[in-house]
């Protein structure tokens with residue numbers, strides 16, 4: 001019996017835990033080759049003379065343009081089927097709308113990540129700005145270009161189909177009947193929190209350095225997060241979680257109800273993005289508590 005216990009002790013000492021987990025993992029020198037980048041400056045005037053700055057803005061414009069074009073057409077197709085057949089079973093339905101939004105984000109983030117970071121959403125840009133991942137100059141430029149791209153994307157859809165666009169709602173976000181404005185605001189806050197939290201996690205350079213043996217394609221979890229949030233919140237608000245997407249559709253559709261609820265699709269996403277940035281920086285990365 002004593003011999004067996006001795007064998008167990010030897011085995012435990014001989015084959016130690018290779019990969020600490022949980023709290024122990026954080027206390028190790030994981031990602032020891034990783035250097036925390038300095039926070040981006042609040043203002044970076046030199047960016048304004050760089051072609052890469054404007055190229056990134058153009059990429060954000062074009063990506064948001066394509067995003068609105070595909071997603072608004074998908075929403076209109078589902079609404080049209082419901083209008084004609086009394087149900088959405090003869091078209092892609094809510095699941096198809098969610099796939100259109102999530103799939104387009106996956107594709108567009110993949111295409112533009114190397115140029116602009118692939119934000120395609122003012123809430124994402126705002127969250128990353130709060131975390132000091134980009135300057136205020138770049139953040140404002142991105143938001144402007146995203147909103148312009150969204151307006152043009154929705155405008156092209158209406159240009160192709162002016163009468164159906166107005167009749168089918170133009171993909172504009174409103175709070176659905178049976179829900180209060182508070183319900184809509186809560187759905188937008190939580191939905192955007194999930195998205196921006198996923199963005200932070202999927203693009204965390206320290207995590208990539210530590211888990212380099214695990215291949216992760218960052219656009220995939222981001223697109224999947226968008227898909228899941230849409231499944232949950234389409235019945236409540238049509239799912240905004242992207243102020244540019246909501247603004248583009250609202251301007252081109254230009255309906256009183258859309259404008260009455262429009263503030264929800266800015267306030268909710270910006271609060272959600274701010275909470276996600278705070279959670280990631282303070283809780284997940286514990287950056288304020290690290291010794292310098």
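Glycine is treated like the rest: Cβ placed from N, Cα and C.
So that you can see what the record holds, here are the features copied from TrEMBL:
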type	residues	note
REGION	1-39	region 'Disordered'
TRANSMEM	53-76	transmembrane segment
TRANSMEM	97-119	transmembrane segment
TRANSMEM	139-157	transmembrane segment
TRANSMEM	216-236	transmembrane segment
TRANSMEM	263-284	transmembrane segment
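Within the same chain, residues 94-95, 97-99, 101-107, 109-110, 113, 118, 175-176, 179, 183-184, 187-188, 191, 194-195, 198-199, 201-203, 208 sit at least 6 positions outside the transmembrane segment (216-236) and bring their C-beta atoms closer than 8 Å to a C-beta of that stretch. Same-chain residues lying 6 or more positions outside the transmembrane segment (263-284) and placing a CB less than 8 Å from one of its CB atoms are 121-124, 126-128, 130-131, 173, 175, 181, 184-197, 199-201, 204, 237, 240-243, 246-247.
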